[in-house]
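Listed in TrEMBL:
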type	residues	note
REPEAT	152-182	repeat 'PPR'
REPEAT	183-217	repeat 'PPR'
REPEAT	245-279	repeat 'PPR'
REPEAT	380-414	repeat 'PPR'
Amino acid sequence: MPSPPQGLPRRRSPAAATALLPRLRAAAGPASPRRVLLQSMALVLTSGLSSSHPSLASRLLNSLLPHIPARNLPALLRLLPRDHLTLLLLSSAKSHHRARTLPAAGALHALAVASGHLPSDLRLANSLLSLYLSLGSPGSARRLLADIPHPDTVTWNTLLRACLRMGLLPAARRLFDEMPERDLVSYNSMLAGYAAEGDMDGARELFDEMPERDVVTSNSMLAGYTRHGDMESAKKMFDAMPARDVVSWNSMLDGYAQAGDIKMARMIFDGMPRRSIVSWNVVLALYAKLKDWRECLRLFDAMMAVGENIPNEKTFVSVLTACSYLGDLERGKWVHGLVCERWERLVPDVLLLTALLTMYAKCGDMGVAKEIFDSMSERSVASWNSMIIGYGLHGHSEKALELFMEMERNGPHPNETTFICILSSCAHGGLVLEGWWCFDRMVRFYNIEPKAEHFGCMMDLLGRAGLLRDSEKLIKNLQAKVSPALWGALISASRTQDSYKLGEFVGNKLIEMKPTEFSSYVLLSNIYAAEGRWDDVEKVRKVMKEKVVEKDVGTSLVGSSDPHPVAKDGFSLQQNSVMLSMLSEMGVRVKQPSEV
């Protein structure tokens with residue numbers, strides 16, 4: 001048990017209180033509401049009111065105490081009254097941030113012992129026990145617990161919640177089984193622990209044996225089911241609930257959103273009797289994830305029109321993302337204004353600031369984007385990527401390259417997306433040598449395996465510079481690193497750049513890697529058809545018929561609500577693809593003016 005601090009005065013001297021007054025004023029700062037509060041507290045302490053009217057002084061000080069900065073607490077502990085209410089207020093859960101250090105908690109414990117409140121005051125003991133456990137000091141908690149003569153259910157529940165918070169589910173269950181008495185809080189805590197660990201069988205077993213339940217009980221079960229994607233069980237639980245609150249509805253909404261079930265998520269959202277900011281954030285994030293930017297903004301407008309919920313960081317991230325992809329700079333500026341209005345209430349984390357600078361970067365206002373970027377005390381890889389691609393998209397490829405080099409010096413390690421951004425920027429600016437340097441650095445220095453997007457950027461870079469032959473060399477030199485899926489992507493890229501020679505090379509490579517796949521032959525046939533090389537088209541068809549594994553009779557959904565069988569040779573789907581490409585090419589030729 002902590003001993004009372006050395007030199008703790010039995011009486012609060014007026015001189016000590018007077019000496020504290022300038023420090024309280026300095027802590028408050030000029031012209032702030034907190035200054036008035038601190039001056040009021042100093043007035044009570046220096047006026048002698050605490051001696052002549054201790055009960056009144058205690059009430060006044062306790063009403064002011066929650067507003068006092070935590071850094072002033074050690075000095076105030078020597079001057080504040082040592083009554084039950086003051087000590088309880090300082091050690092309570094709502095004030096844990098005021099005694100957020102172990103020495104401060106020890107000082108409170110010592111004051112409680114010195115003033116005679118412990119160990120008899122069980123409420124104060126439980127509050128201090130919770131404080132020690134929240135600070136991660138089970139040793140101090142154990143010493144305090146040893147001095148409590150008759151622990152009650154609150155004491156046991158405090159220990160139970162601490163075990164669960166530390167992830168000690170088996171230990172929590174042993175403690176739960178040993179409890180002399182259990183109340184609804186005990187059962188709900190244990191149930192939430194099972195759900196958090198994903199043990200829904202254990203949670204269900206406990207749920208069934210509970211003598212009483214409330215909405216918190218059902219919400220814990222709902223959260224467990226939705227967190228692990230069991231929406232069928234979640235819906236059964238939700239439908240069976242005798243009463244639901246906004247947390248219940250939000251759990252279902254979030255569960256369907258995580259599952260990507262937009263229809264059910266929207267049905268839950270539209271049916272909610274009351275919505276919290278969490279409800280709006282979930283549905284806004286869902287539409288942003290689905291890239292339905294306009295619906296995301298429409299819902300945000302509806303939320304602002306209702307006016308019942310104040311947007312927070314998560315709200316603004318979804319809305320700014322939508323503005324970015326729509327290029328809606330005016331609306332983005334309006335949202336930026338809302339962010340500034342609510343700045344004091346927000347937690348402006350790196351995600352929000354990155355969303356803000358990304359909006360300006362994608363909308364072309366690189367000046368404001370750079371101001372936000374420079375103001376960030378912490379920058380994520382996404383922050384750097386947004387600035388790099390922003391410069392590249394808007395004709396500042398050299399700045400993009402400079403920023404990339406600065407990122408290598410002072411920022412986080414570049415990732416795959418970073419190199420897509422810088423290679424794309426080099427392509428837009430025609431920086432061929434710089435692009436090759438970045439590509440080589442990605443492969444050799446960072447050991448990042450090139451993906452389809454990286455090859456696409458390099459082909460775009462070389463194609464714009466009229467170096468398609470170098471594109472072919474690039475592919476040939478990296479054949480060992482290229483997957484079949486990437487070859488398919490490269491065929492598409494070669495066709496969009498009218499590089500049929502490269503497309504033929506890639507098509508043949510695909511057939512070589514997977515000779516029994518229909519798609520490889522169809523892609524190559526389409527390339528030959530687009531060039532009018534009908535003899536080669538016929539050769540591909542013959543080779544395909546010889547090498548492709550026969551398929552069972554298939555079905556087609558084209559032009560009908562019901563499947564219907566197709567030709568039995570297992571070849572008609574591919575024939576149709578070739579025929580459609582030929583007809584398409586013939587249509588283009590027919591529309592061209594005669595050369596006569």
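Cβ from N, Cα, C; glycine included.
Distant neighbours of the repeat 'PPR' (183-217): 153, 156-157, 160-161, 164, 167, 169, 172-173, 176, 223-225, 227-228, 230, 233, 241, 243-245, 247-248; these residues of the same chain sit at least 6 beyond its ends, with a Cβ under 8 Å from one of its Cβ atoms. In terms of DSSP helix, strand and coil, the repeat 'PPR' (245-279) has 26 helix, 0 strand, 9 coil. For the repeat 'PPR' (183-217), the number of residues in each DSSP class (helix H, G, I; strand E, B; coil) is 27 helix, 0 strand, 8 coil.
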